[in-house]
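Features as listed in TrEMBL:
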ACT_SITE  A:83  active site, nucleophile
ACT_SITE  A:193  active site
ACT_SITE  A:195  active site
DOMAIN    A:7-209  domain 'Glutamine amidotransferase'
């Protein structure tokens, strides 16, 4: 049991209860709130997200979540985004032809997934870098639960400074390759739902908690 | 990297209790949906579906409690259907811990409900349940609907004259994220899924299709997937212990379909 404290950011667009239960199950002390002091003080901040990109961004800004995430990151405090909570970390989202600005922590666009059957719904495998901490101890054939119609198809951030560790990007494929997870300094994210991914998801959440 | 075929057990829940008989060992309370859900989760179920058949809407609190307790203990997706009539019903189920909500009759009466739910909560929460049957041809040999399949209500007893394939297509356009296609002809027969109907719907929708109705033996599942189903749902064969989730997955794997 990690005994780490995690705040699940409550901005009206996440499956906060599922995230709370899964994190508690993984051993964390969890609170669902949008309180600035609490969100800043927690060992980790988890940003869930369900629904439309633009609506999530609107909700996030209304709850001053954009500010909380930014402040935590500038202090090197861990943040993890899940599903749309990952998508909004990118530069922009394009849904139904409408473009919305994201938090732009990472350059790139969230675009419609081109596959015969969409949403991409169900359990898929991923290809994680060998030195991934998030997927440590998890077999390559392990499956995670995805539910999404939009995805990041191109990873654009290039780190050229040799003193800055390169981001670890994990990929999956549904019709075409897309970003399934990112580990970049204090900012981690998954397109899939670890809180709904059974034992594999629990292990993954513990891996995150262990880094806090 | 290929998406796995999902194997989904469905539990009929009445007033917080599992309706159909169960035949599991090591089950403290065979009538408790939470206990059943845990066992199915441990056996490798990819999702769970609760069909709430509680007659009185006043007893809905029991359902929410069951959903809450299940979501606390089972970390795989949970769909809850039955009696969902308004976006508020959806909101309550999601807050209780459901990941997806099944909508059936209320959407037939008022298709706009699909759009309302999808706009507020996202398409991914909305499973449109279609109870369909083959139409009885009219005396001149013509079928009642263009596809030959018709949407029914009241557990298949009442025809609506609505074309099942067109309805599935329209529902997806309105925002349903998934179609649960239940064959009322095959339901309860254990003679296998209605693969022709699955094929007909698959051709006209691009959202995932869950095959339901007719599963009886291990060899029934692969043909449903070959016909275009993204997931296979069954109830009694699992509850009575005739088939185990793992066996169904082995059978699918042997037939060349990816499983978790």
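Just so you know, the numbers here start at 1 and follow the chain as drawn.
Positions of Cβ are set from backbone N, Cα and C atoms, glycine also.
Around residue A:195 (active site), the same-chain residues six or more apart in sequence whose CB sits under 8 Å from its CB are A:15, A:18, A:19, A:21, A:22, A:23, A:82, A:201, A:205, listed in sequence order. In sequence order, A:48, A:49, A:50, A:147, A:148, A:190, A:191, A:192, A:193 constitute the residues six or more apart from residue A:83 (active site, nucleophile) in its chain with CB-CB distances below 8 Å. Averaged across the domain 'Glutamine amidotransferase' (A:7-209), pLDDT in this predicted model comes to 95. Over all protein chains present, the Cβ of residue A:193 (active site) has 25 other Cβ atoms lying within 10 Å. DSSP classifies residue A:193 (active site) as coil under the three-state reduction.
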